[in-house]
Amino acid sequence: MNPDLDTGHNTSAPAHWGELKDDNFTGPNQTSSNSTLPQLDVTRAISVGLVLGAFILFAIVGNILVILSVACNRHLRTPTNYFIVNLAIADLLLSFTVLPFSATLEVLGYWVLGRIFCDIWAAVDVLCCTASILSLCAISIDRYIGVRYSLQYPTLVTRRKAILALLSVWVLSTVISIGPLLGWKEPAPNDDKECGVTEEPFYALFSSLGSFYIPLAVILVMYCRVYIVAKRTTKNLEAGVMKEMSNSKELTLRIHSKNFHEDTLSSTKAKGHNPRSSIAVKLFKFSREKKAAKTLGIVVGMFILCWLPFFIALPLGSLFSTLKPPDAVFKVVFWLGYFNSCLNPIIYPCSSKEFKRAFMRILGCQCRGGRRRRRRRRLGACAYTYRPWTRGGSLERSQSRKDSLDDSGSCMSGTQRTLPSASPSPGYLGRGTQPPVELCAFPEWKPGALLSLPEPPGRRGRLDSGPLFTFKLLGDPESPGTEGDTSNGGCDTTTDLANGQPGFKSNMPLAPGHF
């Protein structure tokens, strides 16, 4: 933003938020005047130009990657990511139209493009920075709705509502930034090589409140409420899951007789509810919203760290001359605000595996893996297999691929993950009628996890007298280095009648493993 509040840095103005004094660029025997250009320090100009040029280039490339990541990946086209794209567009516009001229001003020490372009440039500066702040404000409201109303979020925040919110962001930003172009400013200096800031007191108050302090208050209130709601909801959902597990209403592995399965299914239809409780569904959806809130909380936190020093130094230096910081400190403060434009493209891939994969695919490093994931998403199920665990097997965990199953960006359908194949041992197939098995894999399961059926009643401590089923979750058979039976093993995919979510049922008997 253009520091329209600055009344203390006014001697020879670069058009950005801090004023640069001409005597900083003149020799010891030279004086600044309207007719004399400052002497250029070539060494300093080259070093400053290289540093600022690299910074601007990084901001441009990073924000382009953010925009392309959402545009080229259908599963990233969510309302929350629309706000992220809007933030990237504002930062990209700032990097293209404002930062190069700010860097030129730093290198040369005076404005070279005339009075009219100075006014336009300053207005675009305010426009882009205000749009960034208001986008973060919209993101904080979106995250509060996502955490507070996680199940109703898709109906409360639709694509149409998100687009209307983005249009409102740019309209408000235009209203705040256009004032000086319409004459709401003090008289311009006589020297066109000075690009001063607007010191008109009422516009200074209006722009500072609308561009930073009011949106900042909304952001802080929303994220405080997100923290309170997340803490309370997590506690309640975890308590509900523990209660249902203790009542044996929610089992991740159920082995039962065919008659019992049919009776349970018929009673479930009669009662009109699903034995798989909605508590797990709520917990899974809420965990996704909370994870997104954490990532965007980092974005907001870095924004505050970058811009707050400037908005503290600017009004204090304007109102109280004794509190005015040195020119070198003031330059660092306002360029720290500009530095925020290249931070977000670093935060997203570090905090989100989905954005990291999208960045890598755009850069051409994982195109083949991207095709595999897209094909699996079209099939609607993850190709994970299980095998019986036999006597003498060591209780080890194996990670068959680097991507953990808790990533919501791939191989996810609804609220459960499915295990589409079974591989019984040859010796077990000839045993005759065996109970069917029904498997429901939840996102918390990891490749290599060991799943065991509790001991049958009345046989506690007698592991050799009853069929103790133990299974090991293997990795994706399509992934390199993964082993597993990829045949369907007589399994069929069914649908959860209550929730409309894909489930999995297998009538293929599995081999018991004895320790």
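Numbers run from 1 along the shown chain.
Note: Cβ is positioned from N, Cα and C throughout, glycine not excepted.
What you see is a predicted model, and the numbers here were worked out from it, not measured in a lab.
Membrane topology per Swiss-Prot: V42 and Y149 sit on opposite sides, carrying different topological domain names. Looking at the candidates C72, C129, C137, C195, Swiss-Prot gives C195 as the cysteine bonded to C118 by a disulfide. Cross-referencing N10, N29 with Swiss-Prot, the residue annotated as N-linked glycosylation site turns out to be N10. The transmembrane segment (84-105) makes contact with the transmembrane segment (327-351): 3 or more of their CB pairs lie within 8 A, with pairs spaced 6 or more apart in sequence. Comparison of 46-70, 116-141, 202-224, 327-351 by number of C-beta pairs under 8 angstroms to the transmembrane segment (162-182) places 116-141 first. Taking every recorded stretch in 116-141, 202-224, 327-351 and counting its Cβ pairs under 8 Å to the transmembrane segment (46-70), the highest total belongs to 327-351.
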